[in-house]
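Novice: Below, the features straight out of Swiss-Prot:
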| type | residues | note |
| --- | --- | --- |
| ACT_SITE | H49 | active site, proton acceptor |
| SITE | R74 | site 'Transition state stabilizer' |
| SITE | D88 | site 'Increases basicity of active site His' |
| BINDING | Q151, A178, D179 | substrate binding site |
| BINDING | E153, D179 | Mg(2+) binding site |
Amino acid sequence: MNALLSNPFKERLRKGEVQIGLWLSSTTAYMAEIAATSGYDWLLIDGEHAPNTIQDLYHQLQAVAPYASQPVIRPVEGSKPLIKQVLDIGAQTLLIPMVDTAEQARQVVSATRYPPYGERGVGASVARAARWGRIENYMAQVNDSLCLLVQVESKTALDNLDEILDVEGIDGVFIGPADLSASLGYPDNAGHPEVQRIIETSIRRIRAAGKAAGFLAVAPDMAQQCLAWGANFVAVGVDTMLYSDALDQRLAMFKSGKNGPRIKGSY
């Protein structure tokens, strides 16, 4: 395989190695590059809840490219046209939100593969992913370097988890704590004992099926707990939340009555 198509994040998942990540919601290449120099194993560039355009995602991929931190793109949805765009700008690892059924998972896999294995539109000669046609045999090699992660974040998805795990081409399953707790009747309360029980059971089921298990935990103790349960790609913070907390904490040193750190909640 061409060295430009190597995907260290995927290789480490295959080996079962633990990878610690950070969520990027700030939408700027400048902040993304700062995060990339911090040493996180992976960086989630969020296109679902952060106001990122395709060009914003593109610039952030460029910003982190010189560093060891591996980018993961979360598009706003798993539609075929959007997946085509984020792959063409050079994303190798995708996290697709709100996947509730095995059929949805199969459709997402198909959207990432060129014919005859899928339905990805062909435009490698004008795509950063293929270095504008300079990677020889790009279409024949690229499938091995793509890493596809799906989010399970509803009761329906939990009911279908085993079938989703059976879908060929899915490398990992990410438990979405905020939406999941809301779907289970405990909004903004991923720490509820019943939600915690379901998260633990789900992580163990994912790993038992031979897939990677992921999670976002803004509270350090929750992150440690998920790692203990077997999750092997865990994001331990969100850049905008960390920035906001640092601002509040610094101001509280000089102004009475101001609050200190406020990081809490499911997300």
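Keep in mind that glycine also has a Cβ here, set from the backbone N, Cα and C atoms.
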Novice: Measuring Cα to Cα across Q151, A178, D179, which the record gives as the substrate binders, how far apart are the two most distant ones in Å?
Specialist: 12
Novice: Please list, in sequence order, the residues in the chain of R74 (site 'Transition state stabilizer') that are at least six apart in sequence and whose C-beta is under 8 Å away from its C-beta.
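Specialist: Within the chain, R74 (site 'Transition state stabilizer') has Cβ neighbours under 8 Å at L44, I45, D46, G47, E48, L94, L95, I96, P97.
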Novice: Should D179 (substrate binding site) be counted as helix, strand, or coil on the basis of DSSP?
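Specialist: It is helical.
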Novice: Relative to the Cβ position of Q151 (substrate binding site), how many further Cβ atoms are located within 10 Å?
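Specialist: Its Cβ has 23 other Cβ atoms within 10 Å.
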Novice: Near the residue listed as 'active site, proton acceptor', how many other Cβ atoms are within 10 Å of its Cβ?
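Specialist: Its Cβ has 14 other Cβ atoms within 10 Å.
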Novice: What is the Cβ neighbour count of D88 (site 'Increases basicity of active site His') at a 10 Å cut-off, with all protein chains included?
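Specialist: I count 19 other Cβ atoms within 10 Å of it.
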Novice: How would DSSP class the residue listed as 'active site, proton acceptor' in three states?
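Specialist: Going by the DSSP assignment, the residue listed as 'active site, proton acceptor' belongs to neither helix nor strand, so it counts as coil.
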Novice: Counting every protein chain present, what is the number of Cβ atoms, excluding its own, within 10 Å of the Cβ of E153 (Mg(2+) binding site)?
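Specialist: By my count, 22.
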Novice: By CA distance, which of the binding-site residues (Q151, E153, A178, D179) lies nearest to D88 (site 'Increases basicity of active site His')?
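Specialist: With Cα distances computed to D88 (site 'Increases basicity of active site His'), the winner among Q151, E153, A178, D179 is Q151.
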Novice: Do any residues at least six apart in sequence from D179 (substrate binding site), in the same chain, have a Cβ closer than 8 Å to its Cβ, and if so which, in order?
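Specialist: Sequence-distant Cβ neighbours: M98, E153, S154.
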